[in-house]
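Copied over from Swiss-Prot:
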| type | residues | note |
| --- | --- | --- |
| TOPO_DOM | 1-85 | topological domain 'Cytoplasmic' |
| TRANSMEM | 86-106 | transmembrane segment |
| TOPO_DOM | 107-131 | topological domain 'Extracellular' |
| TRANSMEM | 132-152 | transmembrane segment |
| TOPO_DOM | 153-158 | topological domain 'Cytoplasmic' |
| TRANSMEM | 159-179 | transmembrane segment |
| TOPO_DOM | 180-189 | topological domain 'Extracellular' |
| TRANSMEM | 190-210 | transmembrane segment |
| TOPO_DOM | 211-326 | topological domain 'Cytoplasmic' |
| TRANSMEM | 327-347 | transmembrane segment |
| TRANSMEM | 351-371 | transmembrane segment |
| TOPO_DOM | 372-403 | topological domain 'Cytoplasmic' |
| TRANSMEM | 404-426 | transmembrane segment |
| TRANSMEM | 430-452 | transmembrane segment |
| TOPO_DOM | 453-492 | topological domain 'Cytoplasmic' |
| REGION | 458-492 | region 'Disordered' |
Amino acid sequence: MVKFPALTHYWPLIRFLVPLGITNIAIDFGEQALNRGIAAVKEDAVEMLASYGLAYSLMKFFTGPMSDFKNVGLVFVNSKRDRAKAVLCMVVAGAIAAVFHTLIAYSDLGYYIINKLHHVDESVGSKTRRAFLYLAAFPFMDAMAWTHAGILLKHKYSFLVGCASISDVIAQVVFVAILLHSHLECREPLLIPILSLYMGALVRCTTLCLGYYRNIHDIIPDRSGPELGGDATIRKMLSFWWPLALILATQRISRPIVNLFVSRDLGGSSAATEAVAILTATYPVGHMPYGWLTEIRAVYPAFDKNNPSNKLANTSNTVTSAHIKKFTFVCMALSLTLCFVMFWTPNVSEKILIDIIGVDFAFAELCVIPLRIFSFFPVPVTVRAHLTGWLMTLKKTFVLAPSSVLRIIVLITSLVVLPYLGVHGATLGVGSLLAGFVGESTMVALAACYVYRKQKKKMENESATEGEDSAMTDMPPTEEVTDIVEMREENE
């Protein structure tokens, strides 16, 4: 067997990240399979794609914050009691999300958000609200899955997490194929992707829960002892989680905001519907080469030696922060290469859209420029993921909150200003998303610099204090000093 000594320190990182990267790519493939389920409906395919895209992006806004509870499981859950607290938080969050789904589907609030704000016609608006109602139970299932995924990642079961996500996608593809041959294609085409989404989530959630009970439940204590930092409180979990949730919520609300401004910019015409459909098709394809980079933020908490549970579990771990930095840079370079190969090589991106999603060539050509803009996303995404992981390790996530605010400000500013420069449609949407990413990453970098300076100053103060203590220790006892002084006085 050929061995590579230079890669010895990187194999644990590769084994950990590859399944997570596959997970992220698998999710994008799942979205494309769902889009194909709609595109296969020849009648009103563009309208159906736009309706589902609006509903799905709004739903992701609610499920986004819950998926970040994966990081709570990764950092905080050391016992059965900790897990019970994390699950309780997610049950409450899932119930709240379901209530919001119902309100938007049936109340005037939903009519205003979807029909009025997005300037879509009555047909698209009613289909979108109906799809949103059908998706009401999804946030709860997604939350349960991500909570257990975080616990599994803490114990280095990233392969199992990856298998669960791949099973999710396989289930989606299979059920899309089955339902396309059912009566739903004629009666309620929207249910084809939605039911497939539910079946995939059910498979993923079941796999992760069974994996937890088989591999982890019996080996973790009922309560966390002092060597593991004690029991985590719900307050600590929520204090750690809310900045990450806010960031992910702004990331997820970015798509609905983009859809809103793009649709309003084109006046709710057929061109607006086409632009939203293009965005719906290009999001998963454009996200595929760089989306897995976000999983880099799980590397620091999983391998950091200052984490009490890692000290116990990884006594032979030789991964250092320098190895993590080099590994992160290589991942970014790989992602950039993939983006430029996929989106700048002639006819490759069109072929992906035609073969995977099932759109026609004319529609695929309209997606080329937005996809090329996605080529520049890996740089800000890598910077954000790497620094976020470091801050998660220090449990200093509160400094990340301003980055989400700046992202929204930059995003909306771009959506308002770029049309005056002649940029419209899907190009306007993706270009503004890139500007938002750059703004967010810049703020995360500034926050990391602030924390680094505080940590450095704290270490210097501790070193100075230890030096003073050492000097005091080297001094002779007070009684001895007194005796010496008295002896000198007697001699004089």
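From the backbone N, Cα and C atoms, a Cβ is placed for every residue, glycine too.
The average pLDDT computed over the topological domain 'Extracellular' (180-189) stands at 72. Comparison of 86-106, 132-152, 351-371, 404-426 by number of C-beta pairs under 8 angstroms to the transmembrane segment (159-179) places 132-152 first.
Under 8 Å from some Cβ of the transmembrane segment (430-452) lie the Cβ atoms of residues 247, 254, 258, 261, 279, 282, 286, 370, 373-374, 376-377, 379-381, 383-384, 387-388, 390-391, 394, 396, 399-400, 402-404, 406-411, 413-415, 418, 423, all in the same chain and six or more residues away from its ends.
With a threshold of 8 Å between CB atoms, the same-chain residues lying at least 6 positions outside the transmembrane segment (86-106) that come near it are 58-59, 62-63, 65-66, 69, 72-73, 76-77, 113-114, 129-130, 132-133, 135-137, 139-141, 143-144, 147, 234, 237-238, 241.
Sequence-distant contacts of the topological domain 'Cytoplasmic' (153-158) (same chain, six or more residues past either end, CB-CB distance under 8 Å): 15-20, 70, 73-75, 77, 211, 215-216, 298, 302, 309, 313. Cβ atoms under 8 Å from those of the topological domain 'Cytoplasmic' (372-403) belong to residues 71, 74-75, 239-241, 243-244, 246-247, 282, 286-287, 289-290, 293-301, 304, 306-307, 324-325, 328, 331-332, 335-336, 339-340, 343-344, 349, 427, 430-431, 434, 437-438, 440-441, 443-445, 447-448, 450-451, 455 of the same chain, restricted to positions at least 6 beyond its ends.
Within the chain carrying the topological domain 'Extracellular' (107-131), a Cβ under 8 angstroms from the stretch's Cβ atoms is held by residues 47-48, 50-52, 54-56, 58, 190, 194, 259-260, 263-264, 267-268, 272-273, 276, all 6 or more beyond its ends. Residues of the topological domain 'Cytoplasmic' (372-403) grouped by DSSP class, helix first, strand second and coil last, total 28 helix, 0 strand, 4 coil.
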